[in-house]
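The following features are taken from TrEMBL:
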type	residues	note
TRANSMEM	A:217-236	transmembrane segment
TRANSMEM	A:243-260	transmembrane segment
TRANSMEM	A:272-293	transmembrane segment
TRANSMEM	A:300-322	transmembrane segment
TRANSMEM	A:334-352	transmembrane segment
TRANSMEM	A:359-377	transmembrane segment
TRANSMEM	A:389-406	transmembrane segment
DOMAIN	A:549-643	domain 'Histidine kinase/HSP90-like ATPase'
Amino acid sequence: MARPPRLLGNLLLLFSLAVLLAAASLYLDNDGGHGPAASLHLTQAGWQETVATGYTAPPAEVDSANLPPAWQLVALPFSPSIALLRQAAAGAGAGATGQVPPGVRISWLKVVVDGLPVQARLLALYGIRVKTDGTIAVYINGKLAHQAQAEGPAWNSTRTPLWCTLDQHAGSAPVREILLRLEHSPASQTALSSLRLRPANVLQSAYHVRLWLQQQLPAMLSAAFMAVGVFSVFVWLRRPQEIAYLLFFNLAVTSFLRGLHFYVDLPVENDWFAWLTVNSLFWLVLAVHVFLCQLHQRPLVWLTRALVAVTLLIGVLTLPVLAVLPNMPTVTPLVYLIAPVMSMITCVAGWRHSPEGRLVVYGLFACTAMGMSDWLLQNNIINAEGWYLGAYAPAVCFITFGVLMYRRYVDAIAEVERVNAGLAERLTAREAELETSHQRLREIELRQTISDERQRLMQDMHDGLGSSLISAIRSVERGNISDERVSQILKDCLDDLKLTIDSMEPVEADLLLLLATLRFRLEPRLEGTGVKLLWEVRELPTLPWLNPSSALHILRIVQESIANILRHTRATEIRVATTHGVDGVQVHISDNGSGFDVAQALGHAGGRGLQNQRRRAASVDGKVSWQSNDTGTLFTLWLPLARAA
Amino acid sequence: MNPAAPQDPRPIHVAIVEDDPDFSHALSVVVQDSADMRLAGCAATQAEGLALLAGPPADVLLVDLGLPDGSGIEVIRAAALHWPSCSIMVSTNFGDETHVMRSIEAGAAGYLLKDSSPSKMSDEIRSLANGGSPISPIIARQVLARFRHAPSAPVSPAGAAAEATDTAEATEATPLLSQREKEVLDYITKGFTVHEIAGLMQLSHFTVRTFVRRIYSKLKVTSKAEAIYEARTHGLLS
């Protein structure tokens, strides 16, 4: 039964992957990768730097011949080195005075195109990266064809590829010269990747893939991580004692903030945004550290305090309102250097303590390495065609914490299964135990019942049947008894025996049924005596306490009463009636005989019969009474409706 | 000891299956002393009893349950099958519920207490042959309970219509007691005699006795239906 779902699962997985691949190939195919390969990959340029008085809008036309003839031949990608300390000092000066630095620099890059082999209507110029903190302008044959960053660099500027299209209509001149005008501050440097000039449809896929990987994918990763963070904060709301979920939310938020600059195109001058993105890196490190502490359950007080202090200090120093340090990209490269130091310390501290902590450390280490690589790229130490790997740090975070969660989830399921199995086992054991004790109880009960029955029957035999038989045997042995008398005694014995058996029949708490049974037994004996039995019973309520033992007592009481009438009075009529009151029922047995002295009969030694009736009545919580005169006797048996348990 | 025999041209043929020689002898004497009865056969074991059934059917068959080679119940069953016109009577010491109910379910129409006087015995045989059946209060209560718990009893108008039909024995469906049959049983459980009930219900005592016979045959059908029902619920029959 386990096989078909497994097969189905595999098929489903294959199908999903196939759909994904199809979507990706459609996306790339749509950009037409099949065009002629003929194109220009421009890897050499002339470069020179001029000084201007301030930032100006790029003119509509620039003739490269009018620029100073100071062209230096450089290879593309072009990444001139940056003097970080000078840059920071200049930035600090700018921040402090709040003025435009004297002498804006303009980098000119001139690429000469010889004999473009491509004949296409729409050409595109594509460069992976143009980096500058001023405007970017592209001139084709001296005419302004494209400009960007008119208001200074945006946060995503270094992740935005250069892309401009040229409409080569019939009358237009072929592209001969491409001139880039890049404005920048005196302290900072520009960078430029190699350029490609091709039909637009050929280049489009490369451009889109680059844009997707550098901007859209990071945005998606950030959003996904943020979504998981929101999920985890809801978990925390229900389980406030598990602070790790809140920490995870915190991680998600800070990494979301940290990732903003990869895809948000606000101008760099938004100081609060800058403060947020720069500081969130430190918060991120701090959050990971606290998370690690939570994982390995060791406080590491001093390290925590130090990290908090550094984070606070940087946060305060970089506050835009205080303006102690400017937030310009010119300063941040130095501030950023503190972050890897912090995270390395955190790595070392977290390493020793737990396997889970080690996993987080691997992740943190990877993220730090990515951040370092970003820093190197940002500062022209790696060439301009490289990748900003920091954009994928949320993915690393996501995988790391995903693995943690996955392990916990799987462990939790296994634990639940184990607990359930244990519970089932205990339940079975308990059931068996209960069954055994129940069995034992039933056995005890049965033994008790048998013993009680035996006791009751023994008593009954002893009082009636047994003693009658013994006296009959004695009489027969002495020889002074007639056959008829023997027969009569034996018949009485048989009647006794029948009543004993009747008492064991289920009468279902019905006293009338019991009396009916007695009548059924006595009727044949009355037949020859000439005594008439008047049966005047009325419906009676049930007596729930009527069990075989009490039934036999009642049978014997009534039997004795009728036997007394037959034996001692010369009655011709016996009347049996029943009545009921609030708390009991009565059986009345009256006759029209000669009557007897009740007090004398009870006191007399021979009146054992009446005493027996009284004793038997008492043992079922009932009462007997006699009213007798010379016209007859009324015997009444009172029985309670309910007996105390 | 010889009651005035009715001027019936056809005597009652009585067969006896009884292993106790004393009782068997006493019974034979009762039958032989009655002018309206003939002893049709005597058997002392189950095997002999079953062999007896191969012969011509008797009018009344007296069966003891505790036979040396098996239960008399088997003989009752076989007799109900081979001698459908015969009235079967079980002889018992106590007339206790267990034995009597089982015999009636097997097809008996009455029972005879072994300690009855000879005149009582001949009366009972005669009564049975004439379509009457004895019943004790406890048996009556048991029968009532049995019909109350009868499984899947079909709904049928109780009362006169049900009474009018001769017997429900032929129908395979579980029969129901009619209102008057219930009334009779109810009086019996309260201790009234057949004659008293006849007075209370304004019927002849023969009719009351016949009611009991009919109730017994319904009980036989019910118990058969119950057995089928039980077998079905236990998956023995499909």
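Just so you know, glycine gets a Cβ as well, placed from its N, Cα and C.
Where the annotation comes from TrEMBL, it is an automatic prediction and has not been curated.
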Listed stretch, out of A:243-260, A:272-293, A:300-322, that has the most CB pairs under 8 angstroms to the transmembrane segment (A:217-236): A:243-260
Segment proximity, the transmembrane segment (A:300-322) to the transmembrane segment (A:243-260), 3 or more C-beta pairs under 8 Å: no
Beyond the flanks of the transmembrane segment (A:300-322) by 6 or more, those residues with Cβ under 8 Å of it: 271-272, 274-275, 278-279, 282-283, 285-286, 289-290, 293, 335, 338, 342, 345-346, 349
DSSP-derived helix, strand and coil totals, residue by residue, for the domain 'Histidine kinase/HSP90-like ATPase' (A:549-643): 38 helix, 32 strand, 25 coil
